[in-house]
Amino acid sequence: MQYLILSLIFLIPSLGMLTGLSIAATVAFFLLSIIITGFISFIQKQEFNKKFFIKLYPRFGFDDIFCIINKIKTELLFTAWCFISCLFAVHPINSLVTFTKVFVLLFLRFVSNAVTFQNVLYIKNSLILGIITAILLFFIEYSSHGFLTRMFKTHFGLYMLDRGCALLSITTWVAIIILFSNGHNINSFILYIVVLYLLSISDSLASFLGFSIGGIIFILARLIKTIFFKLITISLITGSLLFPVIAKQIDPQNLSEKYLATQPSAAHRLFIWHFVANKIIIRPILGYGFASSKYIETGDNAMIDYRGEKLHPLPLHPHNNILQITLELGILGLALFLCLVYKYLKEIDNIKVSNFRAASYSCFINYYIIGMISYNIWQTWWILSGIWILVLMKLLVKPDIIIDN
């Protein structure tokens, strides 16, 4: 089973570069493998009989349960509101199905958190090798116009590597932490520059922006660490609260003509955000219900006429996590979501090792920015990408570094 896990750690970033949607299957299988490994180890170490349960019960009573609930009360409140919002969603059954799927994924993450591994060095090497392979695969596809992809598909577009680039951008921060912890500072810098260049020539603008800003965040977190937590928290929460207001006030047609004439995809996002902001005003407090974005009706008169093309004002999701949360869960859901953001930023700030704290901030911001520009917050592969990073942090950090997951 250990060899299987090592293989998956190598395959997830490398295979993910070529087929981004494979992340959903490989990471889910990875989590199940971890849980099974932990269960087998548990059985081997303990005598599985009545005496064991009698011995175990006094050590894990109601006080422990209340302690766990208290630690995750913010998550529970947000989850409860997501569930309640399913009941008044545009399509309640579909929303409940999506909610169940997301809940199961997060539960797998919660269970896998208790598992530890002995061969950490092999896991680190597998991850770094997987990242290097992903980088090589990108350049092969980029220079050969999709030689490998066209073996399985009829055509190739650089956009097909966007999900792989997004995964690479956040996974690289874990590798940077590993290299820093082993004293390979120059190697970590080289890795950052190589990935930054890769993302700059890719079609994934969101990943490039997230990774670039992540680098700036890393430097600031090291230079002004005494006030950095307050600075990043105020900036992130204030910006998130103001974003729906800004999206309402912008003139997407004018901005697109002036600044995004050569970026039709980015221009389309401005129209989407403006449309969503107007929809939020109709139901600002409660929203339209969990995962309801793709079911909100849009009439023919709402279609966007941009340079002779008809664009949909809300194709599947808002392409912005803050707008999606506000649209679906209302101001109440946004407030709970930002409470979670504050909690996770505080947990990162509690990390004592400077490089690890700075890289964790960078990874968090990287993930956050990509979500602010591109993907559906409830997409299976995107949720599992975040879980993948959390599991790697748990498995690969030094024993003296404590993370409250």
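Heads up, residue numbers simply count up from 1 along the chain you see.
Each Cβ is built from the backbone N, Cα and C atoms, and glycine gets one as well.
What Swiss-Prot says about this one:
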type     : residues : note
TRANSMEM : 23-43    : transmembrane segment
TRANSMEM : 77-97    : transmembrane segment
TRANSMEM : 120-140  : transmembrane segment
TRANSMEM : 156-178  : transmembrane segment
TRANSMEM : 201-221  : transmembrane segment
TRANSMEM : 227-247  : transmembrane segment
TRANSMEM : 270-290  : transmembrane segment
TRANSMEM : 322-342  : transmembrane segment
TRANSMEM : 353-375  : transmembrane segment
TRANSMEM : 377-397  : transmembrane segment
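Within the same chain, the transmembrane segment (23-43) stays apart from the transmembrane segment (227-247): fewer than three Cβ pairs sit under 8 Å, each pair at least 6 residues apart.
Here the transmembrane segment (120-140) sits apart from the transmembrane segment (77-97); fewer than 3 CB pairs are under 8 Å, leaving out pairs fewer than 6 apart in sequence. Most Cβ pairs under 8 Å to the transmembrane segment (77-97), among the stretches 156-178, 201-221, 227-247, 270-290, belong to 270-290. Same-chain residues lying 6 or more positions outside the transmembrane segment (156-178) and placing a CB less than 8 Å from one of its CB atoms are 12-13, 16-21, 23, 124, 127-128, 131, 134-135, 138, 141-142, 145-146, 149-150, 188, 191-192, 195, 198-199, 202-204, 206-208, 210-211, 214, 355-356, 359-360, 362-363, 366-367, 370, 374-375, 381-382, 385-386, 388-389, 392-393, 396-397.
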